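**Student:** Input: one structure, supplied below.
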Amino acid sequence: MANLGCWMLVLFVATWSDLGLCKKRPKPGGWNTGGSRYPGQGSPGGNRYPPQGGGGWGQPHGGGWGQPHGGGWGQPHGGGWGQPHGGGWGQGGGTHSQWNKPSKPKTSMKHMAGAAAAGAVVGGLGGYMLGSAMSRPLIHFGNDYEDRYYRENMYRYPNQVYYRPVDQYSNQNNFVHDCVNITIKQHTVTTTTKGENFTETDVKMMERVVEQMCITQYEKESQAYYQRGSSMVFFSSPPVILLISFLIFLIVG
């Protein structure tokens, strides 16, 4: 994880360093940049070959070559190249400027990542979250009757679990115990409201199924919590902070 972060940071520094240097390079002069490419050909008073009637060669009204009304090359009314009425590039009259439009708000990547990792918070359950749907595990109960009963009724059992963040528990057993109790309670209440009742066999099987899913949820949440902690430690180290400050200097400067 640390090696990958270092390589990503090095690549980021190299990219922005090149962009920062490009921003500070002066723009070279060229065709139609306003300055003369042949300064020795002009006289102090103006053109070496002054036009008759005030215009240049092929200039009937004082514009440049091919300029009928004093605009630049291909400019019929004095605007920039491709500007028919004097506006900016691609702007017809300059009255529809896009510069004053407010920028759209950006969603914080940190908030998006946190929401995706933590799951959806369930209202009215005191901070419990609902995990993503899982495939119900294949469990053997030790006899043919219960195994067959489970296969025939597994669709009636939960495929999602309720849980709290792993940092609120001291160990896996406490997390799993709380996860099993709240999940079975919520599923039983919801299903009973719909007119369906559970037998003792159903409750026994639900406990086994939900326990396996809660263990899977704990492992998933623990891994995500560890990765978030490692990222915070990496980006809070002094060398990384110094490099980020240098990148900001290049971008702003």
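Numbering starts at 1 and runs along the chain as displayed.
Glycine residues also receive a Cβ, built from the backbone N, Cα and C atoms like all the rest.
Just lifted these from Swiss-Prot, have a look:
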| type | residues | note |
| --- | --- | --- |
| BINDING | His61, Gly62, Gly63 | Cu(2+) 1 binding site |
| BINDING | His85, Gly86, Gly87 | Cu(2+) 4 binding site |
| DISULFID | Cys179-Cys214 | disulfide bond |
| CARBOHYD | Asn181 | N-linked glycosylation site |
| CARBOHYD | Asn197 | N-linked glycosylation site |
| REGION | 26-108 | region 'Disordered' |
| REPEAT | 51-59 | repeat '1' |
| REPEAT | 60-67 | repeat '2' |
| REPEAT | 68-75 | repeat '3' |
| REPEAT | 76-83 | repeat '4' |
| REPEAT | 84-91 | repeat '5' |
| SIGNAL | 1-22 | signal peptide |
**Student:** Which state, by DSSP, holds Asn181 (N-linked glycosylation site): helix, strand or coil?
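**Tutor:** The residue in question, Asn181 (N-linked glycosylation site), is helix (DSSP, three-state).
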**Student:** Please report the Cα separation of Cys214 (disulfide bond) and Asn181 (N-linked glycosylation site) in Å, rounded to an integer.
**Tutor:** 10
**Student:** For the repeat '5' (84-91), what is the mean per-residue pLDDT, to the nearest integer?
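**Tutor:** The average pLDDT of the model in the repeat '5' (84-91) works out to 44.
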**Student:** In this structure, which of the glycosylation sites Asn181, Asn197 has the fewest other Cβ atoms within 10 Å of its Cβ?
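**Tutor:** Asn197, out of the glycosylation sites Asn181, Asn197, has the fewest neighbouring Cβ atoms within 10 Å.
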**Student:** Can you grab the distance from Cys179 (disulfide bond) over to Asn197 (N-linked glycosylation site)? Cα atoms, rounded to a whole Å.
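**Tutor:** Asn197 (N-linked glycosylation site) has its Cα 21 Å from the Cα of Cys179 (disulfide bond).
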**Student:** Check the DSSP secondary structure of Asn197 (N-linked glycosylation site), expressed as helix, strand or coil.
**Tutor:** coil
**Student:** I want to verify one value. Collapsing DSSP to three states, which class is Cys214 (disulfide bond)?
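**Tutor:** Once the DSSP labels are grouped into three classes, Cys214 (disulfide bond) ends up as helix.
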**Student:** Counting across all protein chains shown, how many other Cβ atoms sit within 10 Å of the Cβ of Cys214 (disulfide bond)?
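**Tutor:** Cβ-Cβ neighbours of Cys214 (disulfide bond) within 10 Å number 24.
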